[in-house]
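Participant: I have a structure here, written as structure tokens, and I will follow up with some questions on it.
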Amino acid sequence: MTHPRIAFIGAGNMAASLIGGLLARGVPTARIVASEPHAEQRQRIAAEHGIAVLEDNAAAAAGADIVVLAVKPQVMKDVCLALAPALPQGALVVSIAAGIPCASLERWLGEQAIVRCMPNTPSLLREGASGLYANARTSAAQREQAGELLGAVGLALWLDEEAQIDAVTAVSGSGPAYFFLLMEAMSAAGQRLGLDAATASLLARQTALGAARMALESDVDPAELRRRVTSPKGTTEAAINAFQAGGFEALVDQALHAAAHRSAQLAEQLGQ
Ligand SMILES: NC(=O)C1=CN([C@@H]2O[C@H](COP(=O)(O)OP(=O)(O)OC[C@H]3O[C@@H](n4cnc5c(N)ncnc54)[C@H](O)[C@@H]3O)[C@@H](O)[C@H]2O)C=CC1
Ligand SMILES: O=C(O)[C@@H]1CCC=N1
């Protein structure tokens, strides 16, 4: 099988997660190249993944079938304007930036096939979850290429409307951080209840894994799985009552709306 040549523009946290996941899936190191302005980061990614990491974005993009834009939204416009003349003819551009609409990327890059997607960091373990949206210039073959790229590192779902990317960002793009926060809070509470730090942390993390696997691998929905843990007048009920008294669901709703709102706001501020 011939693997497409993939160039990552920006080799930070999310690019590293995708690169690690693609290599774990069997993509040869020679088919992946990245560019990164910071020498230390260049060396770190090259040493960790065994891929070439260049200083120059245009040099990395040369000859690529897929160019993944993996820089922060705040520098995306300058990066695109500088990269536009160097984009290989017919290359597919995949942007993973939060908030930057396809229309802005088209304005900065010219007439280009663009897939905007929102992945997440568990892609490193090929347990990612991403939402994808393709602009009108993207061919069916390129959609397939983008689907395979993100599908190689986890779940990849196509969206009907670009605006849904804000919701995907709120649920799964930022989502790993919410679960990490819950693990941190459970671990800290476990310590206050008398466990040593290592034991509390390990119990919290393994419980998150077990719960996630049950929720994904059984036919039973999370609400029913929760009920099965919750004995009448038992310990779980006491905890859930405390969560609900504290407005847990409303707080989650508020947090996800804040993330989606920020995604839309980034488009307004940085998409011009
Ligand atoms: N970290 C995450 O969980 C997720 C991040 N994203 C998106 O991925 C993008 C990257 O985010 P992170 O990896 O978290 O940030 P990061 O800061 O770790 O990575 C960005 C990299 O781009 C490099 N860079 C800066 N200027 C550059 C330039 N002119 N040319 C080439 N590279 C340049 C930086 O040195 C840095 O290494 C963002 O747009 C973000 O919205 C999307 C989904 C999840
Ligand atoms: O926090 C952020 O803006 C990025 C996008 C989704 C996850 N990290």
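Residue 1 is the first one shown; counting continues down the chain.
Just so you know, glycine gets a Cβ as well, placed from its N, Cα and C.
Note: TrEMBL annotation is automatic and uncurated.
Okay, these came from TrEMBL:
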- Ile9, Gly10, Ala11, Gly12, Asn13, Met14, Ala70, Val71, Lys72, Pro73: NADP(+) binding site (BINDING)
- Asn57: NADPH binding site (BINDING)
- 5-99: domain 'Pyrroline-5-carboxylate reductase catalytic N-terminal' (DOMAIN)
- 162-266: domain 'Pyrroline-5-carboxylate reductase dimerisation' (DOMAIN)
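Thinking about packing and proximity, how do these listed features fit into the structure?
Facilitator: DSSP assigns Ala11 (NADP(+) binding site) to coil, not to a helix or a strand. For Ala11 (NADP(+) binding site), the Cβ neighbour count at a 10 Å cut-off comes to 27, with all displayed protein chains included.
In the three-state DSSP classification, Asn57 (NADPH binding site) falls within a helix. With a 10 A radius on its CB, Asn57 (NADPH binding site) counts 24 other CB atoms from all the protein chains.
Within the model, the domain 'Pyrroline-5-carboxylate reductase catalytic N-terminal' (5-99) carries an average pLDDT of 96.
Broken down with DSSP, the domain 'Pyrroline-5-carboxylate reductase dimerisation' (162-266) shows 87 helix, 0 strand, 18 coil.
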Participant: Measure from the Cβ of Ile9 (NADP(+) binding site) and count the other Cβ atoms within 10 Å, all protein chains considered.
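Facilitator: A 10 Å sphere around the Cβ of Ile9 (NADP(+) binding site) contains 25 other Cβ atoms.
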Participant: Going by DSSP assignments with H, G and I as helix and E and B as strand, what are the residue counts for the domain 'Pyrroline-5-carboxylate reductase catalytic N-terminal' (5-99)?
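Facilitator: Secondary-structure composition of the domain 'Pyrroline-5-carboxylate reductase catalytic N-terminal' (5-99): 45 helix, 19 strand, 31 coil.
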Participant: What is the Cβ neighbour count of Ala70 (NADP(+) binding site) at a 10 Å cut-off, with all protein chains included?
Facilitator: 28
Participant: Could you check the binding-site residues Asn13, Lys72 and say which one's CB has the fewest neighbouring CB atoms inside 10 Å?
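Facilitator: Looking at the binding-site residues Asn13, Lys72, the Cβ with the fewest others within 10 Å is that of Asn13.
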Participant: Just the number: how many Å between the Cα atoms of Ala11 (NADP(+) binding site) and Asn57 (NADPH binding site)?
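Facilitator: With distance taken Cα to Cα, Asn57 (NADPH binding site) is 11 Å from Ala11 (NADP(+) binding site).
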